[in-house]
Every structure is written in structure tokens, then in C-alpha cells.
Ligand SMILES: *[C@@H]1O[C@H](CO)[C@@H](O)[C@H](O)[C@H]1NC(C)=O
């Protein structure tokens, strides 16, 4: 019984092999035919798309164009990376405009809720970002990680994209559960983005429980210019992360220039952190910073410095930008603005 079955199987196998071997000679012809067919289909679809655009049927054009670009339309409101995502991330403005005209949804999202605008900002492609915003892209869109296009622009240091977004009504300050653009820009030393954010009204002392203030972030990441800008804009020099002051962070990093800057702006050298330590106690032993702090403690403060801090405190953070309009000799004005 089993022998018969084996014989039968053997005979069918040899029987199948013969026509297959015969087909082998035609395989190149088949591939060529298939290729020509696919090319024909693609060309006809493309022609159809243009036909529909001319006739003004954009929805149908988008559907056909989607087929043309071989991306699968998913059920529901999201699609995986659309041609718009690709064009935006590569900064291909012309392709992007064409796709928008063809009626592709500028707010289509990937499974991670990434929009084409997110991609344009991550690639520092401001013209693409502008084209998307003009076509109605949501400037406040948020990915599953809470990242907004503005956060992406700040992460890569794209000043132009940051401006495009803020000019078009993007939220300058993140919601509590979202990553914060100003902290991101500060931590990476993207001075330009930070400046634009402050101009558009981001709170200079914005406090995030696990990160602290932007000034504290600048001290941890040793971004001196960012720290200087924040302090000039009136950042509270004492405010860090819970009890840790910015001076503690700078001392711990042995960043003498930062320590000096903070002290110039009136940082309290006797502030205590969560473990009741003073800045000089968190500085690495026998480091330059420790020496500097010990020396500073022993020296009397300059009267001019004390006067400056007193005046700035009286003026108040909200009115610091008006200092330049005070009818004072320009040298005193510059001194008051730390310039
Ligand atoms: C973005 O959010 C801000 C702040 O909540 C709001 O004022 C603005 O209208 C929003 N923009 C859009 C386009 O939804």
C-alpha cells in the first residue's frame, strides 16, 4: 500500500518536472512580459491621476496616486508613512507641493502619530514645513511620545522651522505630559531656537519636575551661552531642580565659567541642596571650581554688583526688556543688562 503510494508520488514528481523544465526556457520571456505589464499599469495610473486633477476630482486623484506609489491604504484614520512623509523628510519641496495638489491628506499620521510636518521639522526643511502649514497641517500635532513639530525643530536646532511654527500659532510651551522644546534646545546648545522660543513667550523659568528649569538644564549640560541668555532674560538664578540650585549643578560639573556667571547674576553661594550641602561641597575635591568658590567666599562682594542685582530685582522679570529705554548713560544701561 505504502509502496504504491510512493510510486505514485514519484511518478507525479517526475511528471511535474518535465513541464517545469520546459517552462524554464521561457522564464526570461515571462519576466520581461511581467515587467512590461507593470510598467503599463503604472503609466496608465499616472495618466489617470492627471486626468482627474484636470477634471478637479482630487479625492479620486489621491486614491489613484496612492496606488501608483504602492502604499497600502489602511483602515481608519492613519496610514503608515505616506509619500508626503517621504517627501517632507527628504526636503523635496516640488514633490511635496505636487502631492498636496493631488489631494494627499497633510495630516495623515503613521502608526506612531508622526505627521509629515514632524518629518519636515526633523530634517530642518523650513520651506516644506511652510508648504505643509499653508495647506492646513496641524502645528500642535503630537506623536505617541508627545513630541510636537516644535520639539523636533528644537531638537535638531532648526531656527527657521521654529519660526515658521510659532508664526503659525504653534504652542510655544509644551503641555505637562509632553517633552519641552525649550529644555531640548537648551540641553543641546541650540541658542537660536531658545532665543526664538523666549521671544514667543515661553516661560524662562518653566519648571519640569524631572528636569528642573531651563537654566538648570543649561548648567547640567554646560551650555554657557544659553545660560547667559536665560539669565539676561531674567531667569531666576536660584531656581533649579527641587532643592538643587543651578550653582550646585555647575559646581558639580566643575564648570568654573558657569559658576562665575551664576555668581555675577547673584547666585547664593550658601544655598543648600536636598542633602543640605553647599555648592562648594559638591564641587570635585581640589578642583579649580572648589578653589574659585573658596576664594569667592573669602572676598567681599563688589558694591557695583550688589547695586545691579538690587536694581534688576526692583525692575522685575517682566519689565527687564524695558531697561534699554531707561534715560541713563549708555554705559550704565549696558552694565544693567550685563552687556
Ligand atoms: C495650538 O495651540 C495653541 C495653544 O493651545 C492655540 O492657541 C492654537 O490655536 C493652536 N493652534 C492650532 C492650529 O490648533
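Just so you know, glycine gets a Cβ as well, placed from its N, Cα and C.
TrEMBL: automatically predicted annotations, no manual curation.
Copied over from TrEMBL, here are the features:
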- 27-53: transmembrane segment (TRANSMEM)
- 79-111: repeat 'ANK' (REPEAT)
- 112-144: repeat 'ANK' (REPEAT)
- 145-177: repeat 'ANK' (REPEAT)
- 242-274: repeat 'ANK' (REPEAT)
- 287-339: domain 'SOCS box' (DOMAIN)
DSSP-assigned states of the repeat 'ANK' (145-177) in counts, ordered helix, strand, coil: 17 helix, 0 strand, 16 coil
Tertiary contacts of the repeat 'ANK' (242-274) (same chain, 6+ residues out, Cβ under 8 Å): 209, 212-213, 215-216, 218-220, 222, 224, 227-228, 231, 280, 282-284, 287-290, 292-293, 296-297, 305, 309, 338
Distant-in-sequence neighbours of the repeat 'ANK' (112-144), which means Cβ under 8 A and at least six residues beyond its ends: 78, 82, 84-85, 87-93, 96-97, 100, 106, 150, 152-153, 155-158, 160-161, 163-165, 168-171, 178
The repeat 'ANK' (112-144) - residue tally per DSSP class, helix then strand then coil: 16 helix, 0 strand, 17 coil
